[in-house]
Amino acid sequence: MAAASASKSREEIAGLDDEQSGDEYDVLVIGGGPAGEVAAQYAIAGSDRTAAIIEHELLGGECSYWACMPSKALLRPVEVHAAARNLDGIKVSKKMLPEELLRRRDAWVKQYEDGGQVGWANGIGIDVIRGHGVITGEKTVAVDNGGAGRTIRARQAVIVATGSTPVIPEVFAGTQPWSSRDATGVREIPASLIVVGGGVVACEAAAWMSALGSSVTLLSRGTLLGKSEPFAGKLVAKALTDNGIDVRQKVDVTEVRRPVADDTGIGRIHGDQVTVIAGGEEFTADEVLVATGRRPARDGIGLDTVAEDAPWLYAVGDASGGPALTHWGKYQARNVGHLIAARAAGKAEPVVPENVPVPQVVFTDPQVASVGLTKKEAADKGLDTSIADVELTGVAGFGLLRDDAQGRARLVIDNATDTIVGATFVGPEVDELVHAATIAIVGKVPTSILRHAVPSYPTVSEVWLQLLESLD
Ligand SMILES: Cc1cc2nc3c(=O)[nH]c(=O)nc-3n(C[C@H](O)[C@H](O)[C@H](O)COP(=O)(O)OP(=O)(O)OC[C@H]3O[C@@H](n4cnc5c(N)ncnc54)[C@H](O)[C@@H]3O)c2cc1C
Ligand SMILES: NC(=O)c1ccc[n+]([C@@H]2O[C@H](COP(=O)([O-])OP(=O)(O)OC[C@H]3O[C@@H](n4cnc5c(N)ncnc54)[C@H](O)[C@@H]3O)[C@@H](O)[C@H]2O)c1
């Protein structure tokens, strides 16, 4: 499943097959993750324009096979198990079933086959071209598929949707640590695992690897989920610790030692025991997962051959450098697709509002569901705000969810407009709560009006009543 050879030079790729260099599409997309797929779809929808997606691995991208889908397929049973273990009237075994969990993961990643996605693309008139795409000049992309190769021209637009790659700090050089692909694609469950990082991948992966039976130590340079409201990281750290994970915060990794093995296949243990020195202490484990962020995959795709502001060149998804989230990439892709379609049809360009808030759900237990600005981000922007804080335990519907339910919610309100600019909910199953806040922010609904949005009893949404009344 490795990428088609990227080792040929751009000149070699460009000259691979002159016979096929007459290929043309209206829209060419490099990278078939969720953002690339949606951009292609919207760019040609309802027209006779043509589009092709160039993909060097699996159509569907990181999200479908190595990120969102497998991680959530693994985390959902963990959450349901915790809920069932904490509900009077239900008795369940303390044990999870690791082999069954991995089978569920395999089903959700379609056994790492992309036939379904290719069928979808072809069904809506998008061609899928296998190979590694490199921009070689104006509106021109060379495709290296390890064989003849092709040079393809775009009549209207080239969209870069190449995703992102993990950032591995220098201290891990030569130690072949696990990346998020190994954690989501786990085949050999290490008896002990060190997770380095305190962001979303680190927290989620610590949770599912612990449920699979690994003894997990999490080493975070800062506090957990440092980009969120501080209470989110605190509640998640407490829950991970209560579940037997050794959480160390504010420790820096200064040294890593490990003899590596020949077999470093995805999800296999990559070598002998690893020793990590962090915060002056020595930690030893069977494997180490590095989850220290990602960067846009923009190297080696020929962007240096063209002006980045060329009017025919677009970027969507993680490759754009915006928030690295599937739903955000798809939102960008819908906007870019609509824009390309409008330009092709000579119609007015669609208007995209400014400051659209970014939502995110971290699928730990408790979950962290947030949108827009944190209290600190609002203060940094110079906004005069009011803060509504509520313990979710005071909400009847929340208490009914499970006997151990703990959580907290916060609204950040801009006093100048009396509208919400940020919201965070932390607790089990709060994921669906956040969209109400997203709608309130996008709709700029004043809190005086929101008071007339009556939540049903006894649902968790009653937290909205308490949040708004706490402002009085
Ligand atoms: C472990 C993990 C869990 C995550 N969970 C969530 C989640 O729950 N919710 C969420 O919103 N986000 C989640 N994310 C983030 C999400 O996966 C990304 O934001 C999303 O995949 C970005 O989509 P994309 O289309 O921009 O890029 P990708 O999904 O990375 O797709 C890019 C595609 O381009 C291809 N490609 C790259 N270069 C070339 C080239 N030169 N030629 C041809 N093809 C190329 C790649 O093979 C790939 O298929 C998670 C990330 C990780 C790591
Ligand atoms: N549920 C979701 O929405 C979801 C799930 C997983 C990933 N993602 C997205 O994928 C992207 C990547 O996730 P991530 O967790 O890798 O990144 P992140 O940016 O969320 O977290 C990176 C973590 O690594 C730490 N770090 C950075 N450099 C370090 C270094 N040199 N040494 C030690 N620690 C270091 C940071 O302090 C931070 O805690 C994010 O944008 C995230 O939002 C989303």
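Cβ coordinates come from backbone N, Cα and C, glycine included.
Keep in mind that TrEMBL annotations are predicted by a computer and have not been checked by a curator.
Contacts of LYS72 (FAD binding site) defined by a Cβ separation under 8 A and a same-chain sequence distance of 6+ are given as TRP108, PHE363, in order along the sequence. Residues or ranges marked as FAD binding site in TrEMBL: LYS72, GLY133, THR162, GLY163, SER164, ASP318.
Sequence-distant contacts of VAL201 (NAD(+) binding site), defined by Cβ-Cβ distance under 8 angstroms and a gap of at least six in the same chain, are SER180, ALA183, ALA291. Positions annotated as NAD(+) binding site by TrEMBL: GLY197, GLY198, GLY199, VAL200, VAL201, ALA202, CYS203, GLU204, GLY293.
If you look up TrEMBL, you'll see CYS63-CYS68 marked as disulfide bond. Cβ neighbours within 10 Å of CYS68 (disulfide bond), excluding its own Cβ and spanning all shown chains: 19.
Residues annotated as domain 'FAD/NAD(P)-binding' in TrEMBL: 25-327.
According to TrEMBL, the feature domain 'Pyridine nucleotide-disulphide oxidoreductase dimerisation' maps to 358-465.
Across the residues annotated as binding FAD (LYS72, GLY133, THR162, GLY163, SER164, ASP318), the two Cα atoms farthest apart lie 30 Å from each other. For the domain 'Pyridine nucleotide-disulphide oxidoreductase dimerisation' (358-465), the number of residues in each DSSP class (helix H, G, I; strand E, B; coil) is 37 helix, 34 strand, 37 coil. Counting other CB atoms no more than 10 Å from each candidate's CB, the binding-site residues GLY133, GLY163, GLY197, GLY293 peak at GLY133.
Neighbour counts were taken as the number of other C-beta atoms within 10 angstroms of each residue's C-beta; across the binding-site residues THR162, SER164, the minimum falls on SER164. Put simply, THR162 (FAD binding site) is 24 Å from GLY197 (NAD(+) binding site) when counted between their Cα atoms. Here the recorded positions are CYS63, CYS203; the one with the fewest Cβ atoms within 10 Å of its Cβ is CYS63.
In the three-state DSSP assignment, the secondary structure recorded for THR162 (FAD binding site) is coil.
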